[in-house]
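Enquirer: The Zn(2+) binding site annotation in Swiss-Prot covers His108, His110, Asp121 and is backed by sequence analysis. Residues or ranges marked as domain 'MPN' in Swiss-Prot (evidence: sequence analysis): 37-158. Per Swiss-Prot, the feature motif 'JAMM motif' maps to 108-121; the stated evidence is sequence analysis.
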Amino acid sequence: MTHFPRHRYLLSQRAYEHRVLEEAAEILEQRYVRGETFARTENTTEYLRCKLAGYEHEIFAVLFLDNQHRLIEFKELFRGTVDAASVYPREVLKEALNVNAAAVIFAHNHPSGDPEPSQADRRITQRLKDALSLVDIRVLDHVVVGKSSVSFAERGWL
């Protein structure tokens, strides 16, 4: 057990680490809401590793961005099992329109730690990109988080 100094109770090591990552993500989120952008992959992966690391099941999330690539909202849309999460383009599109997003960045974690995207990851990314393009919402990247991270944009897959 680890004592978390800001709070007066004991947490397991995993809970402690998750809490620290959440607090780091909140600090980064405030930076991006105030005007910094997600135009650089390094900014994106730094933020997403804090948000998605440490889960024992897959999480698919979306960063909804304005025209200047500033954060409107980060939202975990789908939760899955240890090695898969079902993703529904209709729900992603609905959320993007609801917050009036001009662009999005997709993200999900691989609890195994291996960030290498699967063929299923590549297929759903293309389906999402096709659906969002119908309403002029740009897909800037899809980042897979494990022990490190992989950017679809950096690999030229978008």
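Every residue gets a Cβ built from N, Cα and C, even glycine.
Describe the structural surroundings of these features, if you would.
Expert: The Cβ of Asp121 (Zn(2+) binding site) lies under 8 Å from the Cβ of His108, His142, Val144, each of these being in the same chain and 6 or more residues away along the sequence.
Here the motif 'JAMM motif' (108-121) has Cβ contacts under 8 Å with residues 52-53, 55-61, 82-85, 142, 144-150, 152 of the same chain, all six or more residues outside its ends.
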Enquirer: Using DSSP reduced to three states, classify Asp121 (Zn(2+) binding site) as helix, strand or coil.
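Expert: In three-state terms, Asp121 (Zn(2+) binding site) counts as helix.
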Enquirer: For His110 (Zn(2+) binding site), which residues of its chain lie six or more apart in sequence with Cβ-Cβ distance below 8 Å?
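Expert: His110 (Zn(2+) binding site) has long-range Cβ partners Glu58, Asp83, Glu116, Val144, Val145, Gly146.
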Enquirer: Using the Cβ centroid of His108, His110, Asp121 as the reference point for the Zn(2+) site, which residues of the same chain not in that list have Cβ within 8 Å?
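Expert: My list of surrounding residues reads Glu58, Phe60, Ala85, Asn109, Pro115, Pro117, Ser118, Val144, Val145.
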